[in-house]
Amino acid sequence: MTIAIGKSEQKRGWFDLLDDWLRRDRFVFVGWSGLLLLPCAYFALGGFLTGITFVSSWYTHGLASSFLEGCNFLTAAVSTPPNSMGHSLLFLWGPEAQGDFTRWCQLGGLWTFVALHGAFGLIGFMLRQFEIARSVKIRPYNAIAFSAPIAVFVSVFLIYPLGQSGWFFAPSFGVAAIFRFILFFQGFHNWTLNPFHMMGVAGVLGAALLCAIHGATVENTLFEDGDGANTFRAFNPTQAEETYSMVTANRFWSQIFGVAFSNKRWLHFFMLFVPVTGLWMSALGVVGLALNLRAYDFVSQEIRAAEDPEFETFYTKNILLNEGIRAWMAAQDQPHEKLVFPEEVLPRGNAL
């Protein structure tokens, strides 16, 4: 009689087989997150390239916006749908386009296509970082950090227009189109004086400063200079081993500033914290603008400036500039309103 000791092999189902295939070690990792990331990224990029190459914005903005119409890579864009479409998702098979691809493009359907697939593609990329971090057994701080640009994208391209009258007021996907949106934000929301924008700027520029300082410091202490040191020694090292020293770096910055990071974990957490928090705060500010919340309005200065021609501050000057942006921009930017301003109400500078 034969006695078998041990557990019988469990029958593997389709889920286990799919899990094995998705998470197999290959040149480009797919994973479960890839089921969301790869198709969404493909469609978002494909829709964007199709839009800037072939699709006009004549029916939505009264503009030329494609290479086919003579735009270059700075002025081409995938434009938002017209204001009359409201917050329609503009499905190709929906009541607006009714399955007609040409009409769908004319109505701005590519914008919602790119925006929604782009948002899910970014989320898929964050999930990819979670998944690979779990596989190689490291902490998921990369994914947490990547949530910051996702928050900015979702707040600017989705939440803000949802708070306004339609997708029309979101940024179009293009370089010059984004610049137009920035001017719009300043003129209509006084965005640069918003404390959340200030925190965002402090976070991004502070992160750039920290990155430059950190890179230079590590490069400075990575190799030990001998008598033959010169400016380009760091790029042509002759040492067998690196000589990086946190203690030396700490001594250097203690002498420069009087303070320095005491350990690597605190230093690198701070480099993570500054830009991520700045972007999160900026995204929160844009959500506020979606609800048309105002930030700093120094009404007392505006009243005094209106009463006293000799009283002016940089704030009151900026308020006048914002009024100029609105007056000059609105008629061109919102053709559906059919705005006509009499010549005498349009502000003109000395050069005009």
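Any Cβ shown, glycine's included, is placed from N, Cα and C.
Pulled from Swiss-Prot, these are the features on record:
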type	residues	note
BINDING	His197	chlorophyll a PD2 binding site
BINDING	His214, His268	Fe cation binding site
BINDING	His214, Phe261	plastoquinone binding site
MOD_RES	Thr2	phosphothreonine
MOD_RES	Thr2	N-acetylthreonine
TRANSMEM	40-60	transmembrane segment
TRANSMEM	124-140	transmembrane segment
TRANSMEM	152-165	transmembrane segment
TRANSMEM	207-227	transmembrane segment
TRANSMEM	278-294	transmembrane segment
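Structural mapping of features recorded in Swiss-Prot.
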residue: His197; record: chlorophyll a PD2 binding site; Cβ neighbours (10 Å): 22
residue: His214; record: Fe cation binding site; Cβ neighbours (10 Å): 16
residue: Phe261; record: plastoquinone binding site; Cβ neighbours (10 Å): 19
residue: His268; record: Fe cation binding site; Cβ neighbours (10 Å): 14
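A gap of 9 Å separates the Cα atoms of Phe261 (plastoquinone binding site) and His268 (Fe cation binding site). His268 (Fe cation binding site) and His197 (chlorophyll a PD2 binding site) are 24 Å apart (CA-CA, integer value). According to its DSSP assignment, His268 (Fe cation binding site) is helical.
Under DSSP, Phe261 (plastoquinone binding site) is assigned to coil, being neither helix nor strand in the three-state scheme.
According to DSSP, His197 (chlorophyll a PD2 binding site) is assigned to a helical segment.
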